[in-house]
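Features as listed in TrEMBL:
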type: DOMAIN; residues: 23-97; note: domain 'Cation-transporting P-type ATPase N-terminal'
type: TRANSMEM; residues: 77-97; note: transmembrane segment
type: TRANSMEM; residues: 103-120; note: transmembrane segment
type: TRANSMEM; residues: 299-321; note: transmembrane segment
type: TRANSMEM; residues: 327-352; note: transmembrane segment
type: TRANSMEM; residues: 788-809; note: transmembrane segment
type: TRANSMEM; residues: 825-845; note: transmembrane segment
type: TRANSMEM; residues: 866-893; note: transmembrane segment
type: TRANSMEM; residues: 913-935; note: transmembrane segment
type: TRANSMEM; residues: 964-984; note: transmembrane segment
type: TRANSMEM; residues: 996-1016; note: transmembrane segment
Amino acid sequence: MGNNQPSLEAHISGQANKPFSKPAHALTFKQVIEETKCDSEDGLTTSEAQTRLQEYGNNELGDEGGVQPGKILLRQVANAMTLVLILAMGVSFGIAAWIEGGVVAAIIILNITVGFWQEFNAEKTMDSLRSLSSPTARAVRDGQVVTVATAEIVPGDMVEMTTGDTIPADVRLIEAVNFETDEALLTGESLPVNKDAEAVFDADTGPGDRLNVAFSSSTVTKGRARGVVFSTGMYTEIGSIAASLRQKGSRRRPVKRREDGKAGPHRYAQAWGLTATDAVGHFLGVNIGTPLQKKLARLALLLLGVAVVCAIIVLAANRFVSDQEVIIYAVATGLSMIPASLIVVLTITMAAGTKRMVERHVIVRNLKSLEALGGVTDICSDKTGTLTQGKMVAKKAWIPAKGTYSVGNTNEPHNPTIGDLSFTAKPPAQIDFDLEQKTSTQEDLLESNEHLLDYLKVASLANLAHVHRSDDGNWKARGDPTEIAIQVFASRFQWNRLQHTGGDNPAWKQIAEFPFDSDVKKMSVIFEEAETSQKYVFTKGAVERIIYSCTTVFNGESDAPAEMTDEFREHILHNMESLAALGLRVLALASRTWEGTVTKGQDIDRKEIEEGLTFRGLVGLYDPPRPETAGAVRQCQRAGIQVHMLTGDHPGTARAIAADVGILPSNMATIAKNVTDAMVMTATQFDKLSEDEIDQLPLLPLVIARCAPNTKVRMIDALHRRKAFAAMTGDGVNDSPSLKRSDVGIGMGTGSDVAKDASDIVLTDDNFASILNAIEEGRRMFDNIQKFILHLLAQNIAQACILLIGLVFKDFTRLSVFPLSPVEVMWIIMVTSSVPDMGLGFEVAAPDVMKRPPQNLKRGVFTLEVLCDITVYGLWIAALCLASFTLVLNGWGSGNLGHNCNDSYSDSCDTVFRARATCFACLTWFSLFLAWQMVDMRRSFFMMQPNSNKYFTQWFHDVWRNQFLFWSIVVGFITIFPVIYIPGLNTVVFKHKSITWEWGIVIIATVLFFIGVEAWKWGKRIFFRRRDTKAGVRRGSVDVEQRVFERYLSTAVSTDDEAKWERQVKKSEAGVQV
C-alpha cells in the first residue's frame, strides 16, 4: 500500500483510499469524477494507472495465501514415501549398518532437497497462474475497454459492469440501466438491490441504503452500469469484514444429529472415525488432488505393500537369519519397489504444463482439466469472436422503401470516415454484388430521406456502444462488436449516439432499456425526444423475431405505412437469406411511438413494449473468420476431434462461415438436401426432438443456428449419451449450465465472471486455435506422464527381478550372495529415477500427437500397451544384468562365491565383487538409456522424427533438444566411473571392485539392450499398423475432408489426393468478396 494512505483505523465507511470532501455516496458522480481526477470518456491512461497502482497497492484483501515454504517442506518430510525411507534408515542404524544407513540418509536429504526446490518452483508457477485466473474487470483506459485483473484496478478507474460480472472494487455509479446487484455477502440482503446513479445520500447512510454505489465482491444480477472506482483493497466495505472471509473450513466431519439436536455415542464415534480416515487419506495422498494424482498415490501404496512382500521373500530365502547384510538387503529390495519420486514428478510435470499453456493463451483454472483435455472427442464452439475475428463491419443495410446501402472496404473498422458508401434502389435478392457500384456521399443519401433517418435512429439509439474521436484524432470504440459496427454505420451519417444523447441538454433522453435476452433475441430502448416530448420504442434483434413483432412496414409504394403481411415477411426473409449467403450476420431494426409513462421502481411489461412495431430494415454485418481458424479446425479433424458450431446467428450466416472454416464440407451446394439438413439445424428444430429422437439420429448436427442456452445443454447431454467426451465454449451468464455440464468448460477471457467461474480453462485471446493448443498440451502432458511412469515402473520390475532371482546364488553357508549390494541399489534409485523422470515430464509433443485419436480416459495412463512395455522392458533389463553377473562369475570366472562376500572384500570374493560391479554398471546404464528410449514409446530411438532425412544423426538432435534430460543421463553415465574405481569407496561402501575386461560384457549387453528394445518397438509398430488396417483406419495422405464428412454423405469415395483438400481450403479461404 502507498505511504500517503490513512491507516485503516482512521478509515471512514464510504470514503476513498484518499478521503474525499465527503463519502462517495454523498457526492454527485460528477464531483467524484473531479476528485478522482478521472476522464469520464477515455478513463485513465495506462501510465497513470501504473502510477496509481504503485501508490495504492494491489486491489486485494490482504496478503493471505501465496507460496508457503514451511508447508512445502513439511509435505516433503511428512509423507508415506519419505517415512518409509526414514524407517529404512532407522533399521540400518539400529543394526549398526552405518554405511548403508548413511546412504539412505543421503537419499532422504537429496529427495527432500530436490523435491522441495522443484515443488517450491512449481508452487510459484501455480500461484502466478492463480492470479491470472482470478476475476477480471473491464476498465476504460486510453479510451479503450480493456480486460484488467481485478487486483490491478485502481481508484479513478472507469469500469463497465454487466450481468454476471463481479464488482471489482467499490464503485460510484455514473450510469445504471436496470442495474441490480446481489449484496448478500455484505449486507445479508437476500434480494438483489436496484441501483440509482443519479441519487445522492446523506454521509451517514448505511451501506445497504447506498443505492448509488456498487460494492466490491457483489455480483451483477441484472442490467448494466458504468462507474468510477473510489476505493480498493482493504478500504472497500468488504475489506472491513475480510477477516471473517478468511476463516478456514474445518476438516472435522460433523456429527449426525437427530431432529432434536442430540446424537448418540455411536454418532460421535462415527464422526471421529471418518475424520481420522480422512486425515490418514490426506497424509497418504489418496483423497486429495486430481483423479490421476489420487490414482498414482494408490499405486504407490500398492507398491509399498509389494515392497514389504519382497522384503519378506528375501528374509525367507535366507531362513530369517538375523544377519546384518541379509536384513539390509531385504530393506534395499523393498526400497527398489517404492517409486519415491512418482508424486513429485507428476506435480512438477503438471505445473510445467500449466505454465506452457499460459504462453499459448490458455489459463488453467481446474487441474483436472489437464488430464481431461487429452480425451476430448468433440468441441462445441461459438462463432463470433472465437471462430471469427470479432471485428465486425456493417457492410449492407436494406430499407424496404428505398433500397440497399453498401459500405466499401476499410482497414479501420472503428473509423466512420473511411469506406465508400454506395446505394442501389433494389432489395439484396435482386442485386449482383460482384458488379461495381456507384459511390455516394452521406449528404446526398440523407437528403429528403425520412426512411433512412428513421432507420438511423434505431441503429444509433438501440445501441450501447460508444464510438468517439479522441484528442489525438484516432477513432476509439468500446462495447459489443456487433453494436460497435452498427454504431459506426450510423456515425457515417452523423448519427452518433453520443452526439444526440450527451451534453447538458441532450436532444434525446433514454428512459428505459430492455437488454438483449437470449430467449426473446431482441434488445429495446425507450427514448424521449426533447424537442417534441414524444417517446419512441427502438428495437433491434433476430430477423425471425422482429418481423412477428411488427404490424406495419414502409414498402415504398406510398407515404403511409402498409400492413405487415405474411407475404411481405417472406419477402424480408428471402432478402435476409441473400445477405446471409454472403457470410453476413443479419439483424432487423424496428421502431414505434409510445404514449406510456415510466414510473421509477415499477417494471414495464416488455412484451407489450415490443409489439406493434414498424419494420425499418435489415443490417448485414461481416465478421471475417480468423486466418488461423480453418487450419485449427482441420488439425482437430486430423486428431479425431469433431468440431460443432453452436451460434445464435441465422442458419445461412452460420452455414457460410462453417463452410469457410471447414466445419462443413466445401461442396455443400452439391450435397443432397437431406444430408445438409442433418449437418445444419436450427435450435427450434433440435429442441423439438425428444431425447429418444435425438439418440436415433445417425449423427448429431455439425451446426446449430439460433442457439439458445438450453440447446447447448441438450447438445452436451446428447454427446454424453453417445459416450463422447465434450468441450464447450461460453462467455455469458446463461452459458454457465452448459459449461458445468461439459467435460471441459472453456470460458472466454472477455466473458462474464460467472461463465469463467464455471469453466475449467479460460482462453485469454478468445481464439479457437487456442483450444487446439490446450488439447495439444493436454495430450503432450498425458504422453509424458505415461513415459515417466513406464520408465519408473520398468526399473522397479528390473531391480526386483534381479534382487529376488539373485537370491539363488548361495555360498557354502547357504546364505545368498547378492548380485547387487544394498548401497548399489540405493545409488541406482537416487541417480536413475527422479531427475531423468523430471526430464521426461518436460519432453516436447510427439510429431504425431495431433494425428491420432483422443485418449481413452476410462483406461487412463495404464493402457495395455504400457503394462506390456513395463513387463517386457523390466524383464529384458533383469535378464541382461543377471546374464552379465553370471558370465563374469561362471563364464570366465571360477564360480567361487567366496566367504562373507556380502559384508567385506577378501581374495575369495574377488570374482563376486567384479561380477557385482559389472551387473551394477549394466543396470545403471540400462536405466538411464531407457529414459531416452521412452522419449517415443513406438518410434525407433534412432529415427523419432518420421520425415527427417538425417538418417545417422537425428538421434543426437532428439536427445540434445531436451537438455534437462540430456544432462541428467550424461551425469549419471559418468558418475559410475568414480564409484567403480575410487579405492575404498568401491570395496568398502559399494561392495564391488574395479573392472577391466568386463567392460566388454557391459558394452555387448548395452548393444543387446538397444537391440531388444528396438525389436519390441518394431513389433509394436507392425501390430498397430495391421490392427489399423483391419479396423479400416486410414492415415497418411487420405483426404481429411472426405474422411471426416463421409459419415454424413450418401456416397463416400476414398481418395489419397491431398492436393484436393488444399484446393478446397484455398477456395473457401477466398470466401465471398464483400
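Heads up, residue numbers simply count up from 1 along the chain you see.
Just so it is clear, glycine is given a Cβ too, placed from its N, Cα and C backbone atoms.
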Six or more residues beyond either end and a Cβ under 8 Å away: which residues meet both conditions relative to the transmembrane segment (788-809)?
296, 303, 306, 310, 313-314, 317-318, 329, 332-333, 336-337, 339, 341-342, 345, 349, 816-820, 825, 828-829, 832-833, 836-838, 840-841, 861-862, 866, 869-871, 873-875, 877-878, 881-882, 885, 889, 897, 919, 923, 926-927, 930-931, 934, 937
So how many of the residues in the domain 'Cation-transporting P-type ATPase N-terminal' (23-97) end up helix, strand or coil by DSSP?
46 helix, 1 strand, 28 coil
Going through 327-352, 825-845, 964-984, 996-1016 one by one, which has the most CB pairs that fall under 8 Å from the transmembrane segment (913-935)?
996-1016
Recorded stretches the transmembrane segment (964-984) and the transmembrane segment (825-845) touching, at least 3 CB pairs under 8 Å
yes
Range from 327-352, 825-845, 996-1016 with most C-beta pairs under 8 A to the transmembrane segment (866-893)
996-1016
Averaging the pLDDT values of the domain 'Cation-transporting P-type ATPase N-terminal' (23-97) gives 79
